[in-house]
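Annotated features, as they stand in TrEMBL:
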| type | residues | note |
| --- | --- | --- |
| TRANSMEM | 24-43 | transmembrane segment |
| DOMAIN | 28-481 | domain 'Major facilitator superfamily (MFS) profile' |
| TRANSMEM | 64-81 | transmembrane segment |
| TRANSMEM | 93-112 | transmembrane segment |
| TRANSMEM | 119-139 | transmembrane segment |
| TRANSMEM | 159-178 | transmembrane segment |
| TRANSMEM | 185-204 | transmembrane segment |
| TRANSMEM | 326-347 | transmembrane segment |
| TRANSMEM | 354-377 | transmembrane segment |
| TRANSMEM | 389-412 | transmembrane segment |
| TRANSMEM | 459-477 | transmembrane segment |
| COMPBIAS | 496-510 | compositional bias 'Basic and acidic residues' |
| COMPBIAS | 511-521 | compositional bias 'Polar residues' |
Amino acid sequence: MSKDDSSDVPAAEAPAKRAPLNKYALACAILASMNSILLGYDISVMSGAQKFMKKDLNISDAKVEVLAGIINIYSLVGSLAAGRTSDWIGRRYTMVLASVIFFAGALIMGLAPSYAIVMLGRFVAGVGVGYALMIAPVYTAEVAPTSARGLLTSFPEVFINAGVLLGYVSNFAFYRLPLHIGWRVMFLVGAVPPVFLAVGVLAMPESPRWLVMQGRIGDARRVLEKTSDSPAEAEERLADIKNAVGIPEGISDEDEVVAVVHKSRGSHGEGVWRDLLLRPTPAVRRILIACLGLQFFQQASGIDAVVLYSPRVFDNAGLHSDSDSIGASVAVGASKTLFILVATFLLDRVGRRPLLLTSAGGMVISLVTLASALHMIEHRSEGQATALVGLSIAMVLVFVASFSIGMGPIAWVYSSEIFPLRLRAQGCALGTAMNRVVSGAVSMSFISLYKAITFAGSFYLYAGIAAAGWVFMFFFLPETQGRSLEDTVKLFGGDERDANGTVGREDGHGQNKSTELTTQQ
């Protein structure tokens, strides 16, 4: 992206003193983001359970590979449906639906008597994961004040990592149980969090932007007053949202006629796919490419291969006992979770771009070093490779730490920030779909890949992809720190028509239909 595209956009002025964190917005973000625990738990618990499932169900590596990664493909159903669902029933009830679906999937997997039933459980859980992945960052971005949006919108990734750590701990806690019981208990434990999450979400307010899209301006104002840093900011945010939706200035909160007009204009998501995919403006096209590209590189650089198959990686490096390899995997989860906390506190201070570029650079270096260490281990006896074993473990920890300080959380933060309001839910759904497709491809191909080109060759490949991602981010992703959600579209060369979604929906006289109808009232 050229610098000229955003040269005429006034930079947001930094406040003289950082506003204290809004505790109500923080509570909303935490409750919404806790849905993401479900994905993290499911990925990491599978890393330890797969060894015991293979023995108990007598299945091949090929079936294990498919079983491990297929949930990412199944989650496409949820992520693509979540955009329309959240526009229809609201962000809050979509999160409740995600918890209910995942609860059912966890029960099916934990009680499954056969491979086929486990696969059914993976499908059901995958749909729930898709819903949760898409809706948590969208809701949080729409509730958070601008001063803390980066921090709060990174929370879904924080809880994904917390789920990863819990999954590894569950592996370590239950791997000593009898073969046919241990892996089932690991999955059944995953049915507990959704119960509390569904209840907790009901205590949250609805997204103010969704409320405005439904004409419920008074309700939206009350939510904004609680989630903004000041009454003035609440009014400013409400004015920005009304402008983005297309409600003219001066319309009273009780004007139900205008609300009905704007509902008919597409508040439930009608026509969005056309404006996103079939007839996007240049700015929307660039936003879509930015979102899809960032989500692609987040997963194509191999993070799920490391998280899902870390016991195999450590076994190849020289840790052959279950306790050693699963114990090292717990360290992976701890490192991943610790460094995501670092990222959350730097996002609104350092910005998105510096963290993304630092993250990708660290991933490239650690992957190249890991691949080189594994290559040397393959050509030495175990007694001569002790130092290389330690280096391999260290590089896995550095890799997940590098991922967590940038690529992990910012892919979701950035995607939820850049789309115009009317396109946000479905645009983020497309980004989530890209993320899940690539994650599924990586997860379902890693065993075949390392058998074909070795572990070292696999990690060299991921390092090359991460390097390509660094180049993409450097040239194509502008900084969004400090800008309102209604302003970020201008960074991609858009104007007010892109921001409020009127482009491509004009009548034969070149005048927006909704505005014309409102004027006639």
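Note that Cβ sites are derived from N, Cα and C of the backbone, with glycine treated the same way.
Owing to the predicted nature of the structure, the values given are computational and were not obtained by experimental measurement.
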Could you pull the average pLDDT for the domain 'Major facilitator superfamily (MFS) profile' (28-481)?
86
Counting only pairs 6 or more apart in sequence, are there at least 3 Cβ pairs under 8 Å between the transmembrane segment (119-139) and the transmembrane segment (93-112)?
yes
Of the listed stretches 93-112, 159-178, 326-347, 459-477, which one has the most C-beta pairs under 8 A with the transmembrane segment (389-412)?
326-347
Taking residues 6+ outside the transmembrane segment (185-204), which of them lie with a CB under 8 Å of any CB in it?
28, 31-32, 34-35, 37-38, 41-42, 45, 48-49, 92, 95-96, 99-100, 102-103, 106-107, 109-111, 121, 128, 167, 170-171, 174, 177
Who are the long-range neighbours of the transmembrane segment (459-477) in its own chain, taking Cβ under 8 Å and residues 6 or more past its ends?
1, 289-290, 293-294, 297-298, 300-302, 305, 352-353, 356-357, 360-361, 363-364, 367-368, 370-371, 374, 407, 414, 449, 453
